[in-house]
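Engineer: Okay, handing you the structure first.
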């Protein structure tokens, strides 16, 4: 009876049941003669048990389907309706945000002319220097107080009032951005507009308890509404949501398809509301421009190269400024609340010589493009100087804690770059005394190069090439600009996109090369590992520069912000060496029911991760080229030499969101966890692994702990109030 009991308990699809049936079949010639079909009876028992289990599973599936039908969770139609409401509220909020910026500017600058900050060049410096310096400083002081208030709210947001406090945070940030921009500091309003839209979307997601793809779709709709209402460009808003939210965050194509109607509706509604509240005029005035000849295309491509270099300069200058300010705060004890005022002081001092660096809406861009009447254009020399000064002012504003986006500064820098380039090319090829005379080359007006430079620089800085190209096309309504525009934007994005090593990664790379030099000579794994780590590093750098490009994150809730890989990693793992036969690696996977093994060398220095899928792909490719008897002689190193493995690793203190981004960008489900590279001897030691299941479990556990903590706090407050009433 014991064997029958074991067979009855076995699942019809599990290996033990299959082994039992095979054993019964081998003994069938003897068993059937002696026992009169005992094996058949056991087989009938197994089949009957399997049938009962299948019937039970069917019943449970029907019950689950009925529960799913009766589940009150919002469906797709309700989420679409929520996306429309998000577009409406975002449009209204962005209109109020822009009106508040204008009101603050009128109050602080006392009705100074609206023709842009260049009017300061016409005024005696002795009459305006006090206002030019102290208005940005006062704005920075107010922003510092608001930042301190935001930090205190964020620190004390673990109790039952956490949802209310989380709703206050975006409002305080929008107010801080209003004072930053209203007092002329060198940032822009479009980034805060996107964050306003995403915050409203997250609020709706919390109200309806949305998760996964539905929440992602709603956040994308909010981001699209923010850009659409900020630039009054609905099409660009849709593509911005795709580039900045859906593509980086979606793990399957269905999320993109399901999100498209919501994004479009939200973007259109927000654009209509913005047009009603702020007028139908575009964000900046498109100047008169012309295109002379297709032979100009190489000149536009060269402009794209320059804009890409300028974009890299802005990104690196911002990172350097942030590091410098952090060191300054640590060395001098400068309070973070006082830092924005110091940033405003630097902007004011720069504005004494170059008033165009002050934020004055897009009027300053109009001055650069010479699109406003009764304004004189700036020389190419001043335009080049403005590029450097604007780079410095924008980087320092971000580093010192002022609040705003990088879209408007990118457009300003791009306009200055394009106009200076266009004036130089026109002087070189078609001036009164051209330096080079090419008969078939007729250079267009500098305004054409200024428009293309704006899109190319925006694409290079914010990594949104489609949005940048469509934004300029949507504002100009001119098909002739598309070809040079796409060429310059593509080149600028390509130049600005290569992964760049930070100092930390460079030092780690030197240590890794010294410890595994022999392996690096034969296997191309280290470059891949550094590339994976640098992908996450460049992503974090982009988020620091423009936070509106990272509005959707699995760690949006405060409880997940400080969750690291160490909280989710597993320390029990299987390891093999490069000389291990593939058959032995497969035996280990089968014995432990684990779809991967770690590949290490002496002293547990990690080389990479070998998954079952890598072996399958390798065997399919090798089956046609190798003899059958050679298959058993394959080693782990053969799989690596064939390039089937992607070697990426993370460290225990790395945020879980960074690990997820590495998994998503490289199509991985598991990552080795290595030591923190404390010294040369411990460089790259394997200490465990993390996978998607570990991350999910860790987040659920943290969420439940937060739930119990909140419940306890609520009960504690109720008990205290009851005791007081007694």
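Cβ coordinates are placed from backbone N, Cα and C, and glycine is handled just like the others.
TrEMBL entries are annotated by machine, without manual review.
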Engineer: If TrEMBL is the reference, give me the range from 299-321, 506-528, 529-551 marked as transmembrane segment.
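Structural biologist: Feature transmembrane segment in TrEMBL: residues 299-321.
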Engineer: Within the same chain, where does the transmembrane segment (448-473) have neighbours whose Cβ lies under 8 angstroms from its own Cβ atoms, ignoring anything closer than 6 residues to its ends? I mean 6 or more beyond.
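Structural biologist: Residues 227, 231, 233, 235-236, 239-240, 242-244, 286-287, 289-291, 299-300, 303-304, 307-308, 310-312, 314-315, 365, 368-369, 406-407, 410-411, 413-419, 421-422, 425, 479, 481-482, 484-486, 488-493, 495-497, 542, 545-546, 549 contact the transmembrane segment (448-473) from elsewhere in the chain.
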Engineer: At a threshold of under 8 Å on Cβ distances, which of 262-278, 341-362, 399-421 pairs most often with the transmembrane segment (374-393)?
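Structural biologist: The stretch I would name here is 399-421.
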Engineer: Restricting to the same chain and to residues at least six past its boundaries, which positions have a Cβ under 8 Å from a Cβ of the transmembrane segment (479-497)?
Structural biologist: 291, 294, 296-297, 300-301, 303-305, 307-309, 311-312, 315, 448, 451-453, 455-457, 459-461, 463, 465, 468-469, 472-473
Engineer: DSSP-wise, what's the residue breakdown of the domain 'CBS' (569-625) into helix, strand and coil?
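Structural biologist: The breakdown for the domain 'CBS' (569-625) reads 26 helix, 16 strand, 15 coil.
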Engineer: Going along the chain, which residues at least six beyond the ends of the transmembrane segment (399-421) come within the CB cut-off of under 8 Å?
Structural biologist: 139-140, 143-144, 147, 173, 176-177, 180-181, 185-194, 230, 284, 303, 306-307, 310-311, 314, 318, 321-322, 324-325, 336, 339-340, 342-344, 346, 356, 359, 362, 364-365, 368-370, 377-378, 380, 383-384, 386-387, 390-391, 446-447, 449-458, 461-462, 545-546, 548
